[in-house]
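Swiss-Prot has this to say about the protein:
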- 53-83: domain '4Fe-4S ferredoxin-type 1' (DOMAIN)
- Cys63, Cys66, Cys69, Cys113: [4Fe-4S] cluster 1 binding site (BINDING)
- Cys73, Cys103, Cys106, Cys109: [4Fe-4S] cluster 2 binding site (BINDING)
- 94-123: domain '4Fe-4S ferredoxin-type 2' (DOMAIN)
Amino acid sequence: MASVSQAVRSLFLKEFVNAFFLSMRYFFKQKATVNYPFEKGPVSPRFRGEHALRRYPNGEERCIACKLCEAICPAQAITIEAGPRRNDGTRRTVRYDIDMVKCIYCGFCQEACPVDAIVEGPNFEFSTESREELYFDKAKLLANGDRWEREIARNLAQDAPYR
């Protein structure tokens, strides 16, 4: 009896028809993926991407060389050298380096910063061809901040009620 049932199923190609209808059902549904890099999905305001140093609206850099980000970094990826105190009593960094090879994108540096100087921006497309390009110095970090400032400020404003 089992062989007759199997012969009938194979004669009418039941498995093929079931598979075909299953494929057609998914063919007409909305796609679950995007055609990256031509389309990009939504990015959360809390996304932790490429690091950036921010400036005040008058152009002065925000970092006050408190070194809290360097102290809290679990990967020890941040190196800061502070310059001498200025006449008004504030300090600024002479050297601010981040080794992105070591960085684990935990966001502790951003949370520790009292003036929101170091942030993890919205950029997730920063592939490189050499390892040396992943050592960010102060100039590169400030350039990232200048490039992404509008989006960074918007993301921080959206996240402000939860901080």
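Each residue, glycine too, has its Cβ placed from N, Cα and C.
Overlay of Swiss-Prot feature records on the structure.
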{"residue": "Cys63", "record": "[4Fe-4S] cluster 1 binding site", "Cβ within 10 Å": "24"}
{"residue": "Cys66", "record": "[4Fe-4S] cluster 1 binding site", "Cβ within 10 Å": "17"}
{"residue": "Cys69", "record": "[4Fe-4S] cluster 1 binding site", "Cβ within 10 Å": "22"}
{"residue": "Cys73", "record": "[4Fe-4S] cluster 2 binding site", "Cβ within 10 Å": "20"}
{"residue": "Cys103", "record": "[4Fe-4S] cluster 2 binding site", "Cβ within 10 Å": "21"}
{"residue": "Cys106", "record": "[4Fe-4S] cluster 2 binding site", "Cβ within 10 Å": "15"}
{"residue": "Cys109", "record": "[4Fe-4S] cluster 2 binding site", "Cβ within 10 Å": "24"}
{"residue": "Cys113", "record": "[4Fe-4S] cluster 1 binding site", "Cβ within 10 Å": "20"}
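Here Cys103 ([4Fe-4S] cluster 2 binding site) is compared against the binding-site residues Cys63, Cys66, Cys69, Cys113, and the shortest C-alpha distance is to Cys69. The [4Fe-4S] cluster 2 site is defined by Cys73, Cys103, Cys106, Cys109, and by the 8 Å test on Cβ atoms against their centroid, the other residues of the chain that qualify are Cys69, Ile72, Pro74, Ala75, Ala77, Ile78, Ile98, Ile104, Tyr105, Gly107, Phe108. In this structure the C-alpha atoms belonging to Cys109 ([4Fe-4S] cluster 2 binding site) and Cys63 ([4Fe-4S] cluster 1 binding site) are separated by 12 Å.
Taking the mean position of the Cβ atoms of Cys63, Cys66, Cys69, Cys113 as the [4Fe-4S] cluster 1 site, the remaining residues of that chain whose Cβ falls within 8 Å of it are Ile64, Ala65, Lys67, Leu68, Glu70, Ile80, Cys109, Ala112, Pro114, Val115, Ala117, Ile118. Note on the domain '4Fe-4S ferredoxin-type 2' (94-123): mean pLDDT across this stretch is 95. A Cα-Cα distance of 16 Å separates Cys63 ([4Fe-4S] cluster 1 binding site) from Cys73 ([4Fe-4S] cluster 2 binding site).
In this structure, the CA atom of Cys73 ([4Fe-4S] cluster 2 binding site) is 14 Å away from the CA atom of Cys66 ([4Fe-4S] cluster 1 binding site).
On a Cα basis, Cys106 ([4Fe-4S] cluster 2 binding site) lies 14 Å away from Cys113 ([4Fe-4S] cluster 1 binding site). Across the structure, Cys69 ([4Fe-4S] cluster 1 binding site) and Cys106 ([4Fe-4S] cluster 2 binding site) are spaced 12 Å apart at their Cα atoms.
Cys106 ([4Fe-4S] cluster 2 binding site) sits 19 Å from Cys66 ([4Fe-4S] cluster 1 binding site), taking the C-alpha atoms as the reference points.
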